[in-house]
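TrEMBL has this to say about the protein:
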{"type": "REGION", "residues": "20-114", "note": "region 'Disordered'"}
{"type": "COMPBIAS", "residues": "41-52", "note": "compositional bias 'Low complexity'"}
{"type": "COMPBIAS", "residues": "80-97", "note": "compositional bias 'Gly residues'"}
{"type": "DOMAIN", "residues": "97-244", "note": "domain 'BES1/BZR1 plant transcription factor N-terminal'"}
{"type": "COMPBIAS", "residues": "99-111", "note": "compositional bias 'Basic and acidic residues'"}
{"type": "ACT_SITE", "residues": "443", "note": "active site, proton donor"}
{"type": "ACT_SITE", "residues": "637", "note": "active site, proton acceptor"}
């Protein structure tokens with residue numbers, strides 16, 4: 001027994017010596033050799049059990065990399081066997097603990113670096129949304145940024161990431177990283193310019209009778225898709241044929257493409273002139289028939305397509321509920337019919353004259369104002385309890401507070417009465433569209449900028465939700481979310497003429513972006529969307545098969561701030577990290593309405609823009625493209641009553657975008673004119689030019 005024990009001890013000593021010799025002489029263990037374990041380190045292991053082999057080669061290298069010590073571990077001697085001395089083997093346990101702590105610290109440093117990287121990305125995305133007008137989603141990543149940049153450059157990016165030019169089809173063209181026959185020599189451009197090319201007797205860009213040239217191998221990609229009824233490549237079009245491009249042909253086709261690309265000039269955009277307010281008095285009678293006839297004659301001489309007239313709720317149903325007086329409008333419409341002009345009518349459910357609108361004053365119906373004396377909460381109310389009489393509160397849309405009728409029932413009865421009274425004009429096609437007033441100034445917005453209460457441009461306005469009906473709705477919504485203390489409006493949103501940075505709610509990283517702020521703004525904007533849905537559903541019933549128009553405001557001041565404060569108080573939840581207009585247009589699309597966008601006023605000086613933090617061009621781009629992206633038609637209306645040639649050109653560029661890849665343009669334009677329009681006024685010559693450009697009768701090169 002003793003001899004066997006002695007033999008095993010000698011064997012262990014030899015093996016330990018051999019292992020130390022290999023490590024000392026080579027400096028590092030051969031990765032292709034198995035290490036020789038010390039049997040004493042595993043007292044519980046069955047020594048007769050065969051040892052499992054460790055991985056060799058690439059597998060061994062990968063395993064070694066996964067447990068490689070860090071630089072700090074090596075420097076501090078925290079790895080067992082490193083640092084020399086007899087204590088190396090004995091201090092392995094303590095060194096392993098230190099190494100674990102260092103690895104945990106490294107993980108924390110990695111997390112901090114990742115948070116820093118995400119913060120930089122967040123600021124980049126915010127800058128693109130705020131200053132580049134990119135409608136990026138709230139949780140955008142680099143893929144969203146690249147897709148937005150590609151679309152801005154004219155490319156199409158599908159949901160699965162497929163990217164291609166507008167003029168190409170992704171399933172039929174294979175793109176190579178070498179030079180290609182892109183626009184202006186693409187297939188779509190050739191089709192658009194085919195007629196012009198034939199008339200000018202230009203040569204074709206690609207010749208079918210020529211043989212394959214070596215230079216074209218890198219520039220032509222032929223699709224591998226099957227053609228219906230034939231094998232592959234049995235039907236070859238000129239664009240997929242192989243040919244050579246000569247220099248003179250290239251120059252000729254470039255010039256031809258430039259002429260064809262200016263296709264927006266040929267679009268016909270109808271122009272309607274808005275008749276001035278006041279031609280129908282408060283008793284529903286036409287004031288000056290001869291003056292109106294003369295004005296219609298001037299409009300006809302300008303080749304205006306039609307006119308727009310407001311049908312005021314406060315006049316027609318002004319004195320008694322459900323007693324409608326249409327006689328003055330019947331006389332006016334007969335005059336318009338005599339001049340063979342088209343007609344758009346506005347269901348005007350708002351007040352006129354409250355905000356520096358001249359001498360004409362048209363209030364809400366008198367019987368409504370009388371109800372408001374006993375129940376002032378039927379009107380919008382600000383935080384200090386001041387009432388706005390511009391329009392009815394949307395929170396009473398379904399409250400029976402108007403002599404037994406709800407708000408939407410009052411609107412529907414008015415629209416149904418108009419449709420019945422003028423049925424003959426609808427049948428003969430004289431009335432081409434009906435615009436539905438949905439808020440202050442006839443626009444879909446809250447009355448958050450009342451001049452009578454001290455608002456001065458570019459003030460942010462105030463929230464209009466402090467009446468009892470709106471507060472009950474807000475409290476109910478807060479309770480359903482489990483936060484009853486959210487059931488009140490903001491207390492730190494400033495005054496009507498405040499600037500965003502002066503308020504806690506709207507300042508940079510302010511309360512508008514907190515959990516409560518998001519909840520409140522979402523509820524506030526949903527009240528606007530719900531009102532539009534309630535009224536439009538009934539408008540479609542009243543005006544079947546007639547175009548319905550909804551006017552969208554241009555709230556472009558404070559647009560360069562992160563909060564977009566002025567838009568928020570008006571009901572559009574559209575901060576820099578959220579697209580608020582798309583949600584509105586989704587609702588409008590359900591009722592196939594046409595959007596009328598109030599185009600911003602004259603170009604302001606850079607200092608004025610900077611002081612107001614305004615961006616009219618950025619807002620116009622967002623609203624118009626959001627409507628087109630939802631498949632809606634869009635028309636326009638000027639915000640000022642008179643403009644010069646430069647003002648005309650700005651409106652034309654908005655209505656007929658140059659070289660739009662999809663050929664989008666306004667479906668009509670409403671010109672808000674000075675009152676009255678006379679032929680000798682300074683606006684008349686520029687208006688004549690404006691209409692001709694909208695009709696495509698002249699081009700910019702002719703002036």
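Residue 1 is the first one shown; counting continues down the chain.
Every residue, even glycine, has its Cβ placed from backbone N, Cα and C.
All annotation found in TrEMBL is predicted automatically rather than curated by experts.
Remember, it's a predicted structure, so these values are computed and weren't measured experimentally.
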Do me a favour and check the Cα-Cα span between the residue listed as 'active site, proton acceptor' and residue 443 (active site, proton donor); whole Å is fine. 12
Other than its own, how many Cβ atoms are within 10 Å of the Cβ belonging to residue 443 (active site, proton donor)? 22
So for the residue listed as 'active site, proton acceptor', how many other CB atoms are inside 10 Å of its CB? 23
Take the compositional bias 'Basic and acidic residues' (99-111) and count its residues per DSSP category (helix H/G/I, strand E/B, coil), listing them in that order. 13 helix, 0 strand, 0 coil
